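First the structure, in the form of structure tokens, and then the observations on it.
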Amino acid sequence: MVVFSKVTAVVVGLSTIVSAVPVVQPRKGFTINQVARPVTNKKTVNLPAVYANALTKYGGTVPDSVKAAASSGSAVTTPEQYDSEYLTPVKVGGTTLNLDFDTGSADLWVFSSELSASESSGHAIYKPSANAQKLNGYTWKIQYGDGSGASGDVYKDTVTVGGVTAQSQAVEAASQISSQFVQDKDNDGLLGLAFSSLNTVSPRPQTTFFDTVKSQLDSPLFAVTLKYHAPGTYDFGYIDNSKFQGKLTYADVDNSQGFWMFTADGYGVGDGAPNSNHISGIADTGTTLLLLDDSVVADYYHQVSGAKNSNEYGGYVFPCSTKLPSFTTVIGGYNAVVPGEYINYAPVTDGSSTCFGGIQSNSGLGFSIFGDVFLKSQYVVFDSQGPRLGFAPQA
């Protein structure tokens, strides 16, 4: 999964959301496969910047130690698992772009022909189709924890994912973009799958692609199967029973803030019996790490030999040779287990024997973020009816 952390500004007092128009056709379900993008040149990853971006995405405070580590580049690495990146092809206007699907935001933004040649070099870019409509006076802007950002104009255009097309879908075309995004040649933008109330277009928020097309689907849901070091899938409109074991366990979603937020009933570390300490958190495919309350994080790393919270590296680190315990989240009586190897995120620098943890503090956010470290172990159903989330171990 590409490390491409996003930030969404939570807008209070949103005005009426503008809906796009789905193409009328028989109800259906379809699967869209992520594609592996071989990285010809080793890609550097600033580990504390990834962490900082995740905190900023939800309005959290980035600790000074994390800021310092991110700015100094003390933990910049090119880990082997990023030899490939896993993105999803989407046809926007007349161009196919490789986008990052993000259940933690509600914007569809893309590299566009409004950027300079140097900014768009190496990227597939959105060119408004002949039938596209520019929304005069409408703008969007995002800002990230490492100081990067993007902004631009808004168009209504055709967007196709798998077997479903939305006409007059809001497309946020980048006209200004920071160098951090320009350098990520494998990613052409983002498709948000949170609730439309979170959309950041001004002066009037727009509907997400999923909210536009869900009336076309057999069921108004999508299911996510992210994989550990392999391409995953997104199923729209149906549940694929072949992709999980046993039965799905559902948790109610509180979408009052626009997120897929749920409450877990407890957690456990390694072979220990899970406790009953509740954890409220957001299921977010656009965040790489698993961010938890300080007490939970400390409990986990207390059982990791040699682990410490490092000011130098901006988070919990440990010897790479250490065998990590699993982390279990209890959801409605179901134990969702993240294997220990998923939590060994990456060496802090090339060739280092110290590794950065995939579990880190949420820095007092007040809720947890169940990012890819967690999601790669589960088949997760995002059901807009309820709304609710369904969980089961991957097959």
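Just so it is clear, glycine is given a Cβ too, placed from its N, Cα and C backbone atoms.
Annotation comment: Swiss-Prot describes 1-20 as signal peptide, evidence class sequence analysis.
According to Swiss-Prot, the feature domain 'Peptidase A1' maps to 86-392, an assignment based on sequence analysis.
Cβ-based neighbour count (10 Å, all protein chains) for Asp102 (active site) stands at 23. For Asp102 (among others), the entry in Swiss-Prot reads active site.
According to Swiss-Prot, the feature active site maps to Asp284 (among others). Secondary structure at Asp284 (active site), taken from DSSP and collapsed to helix, strand or coil, is coil. The Cβ neighbour count for Asp284 (active site), using a 10 Å radius over every protein chain in view, is 32.
Here Swiss-Prot flags Cys320-Cys355 as disulfide bond. Within the same chain, the residues at least 6 positions away from Cys355 (disulfide bond) whose Cβ sits under 8 Å from its Cβ are Val317, Phe318, Pro319, Cys320, Thr322, Asn344, Tyr345, Ala346, Pro347, Val348, listed in sequence order.
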Asp102 (active site) and Asp284 (active site), compared by Cα position, are separated in whole Å by 7
Neighbouring CB atoms within 10 angstroms of the CB of Cys320 (disulfide bond), all protein chains considered, total 15
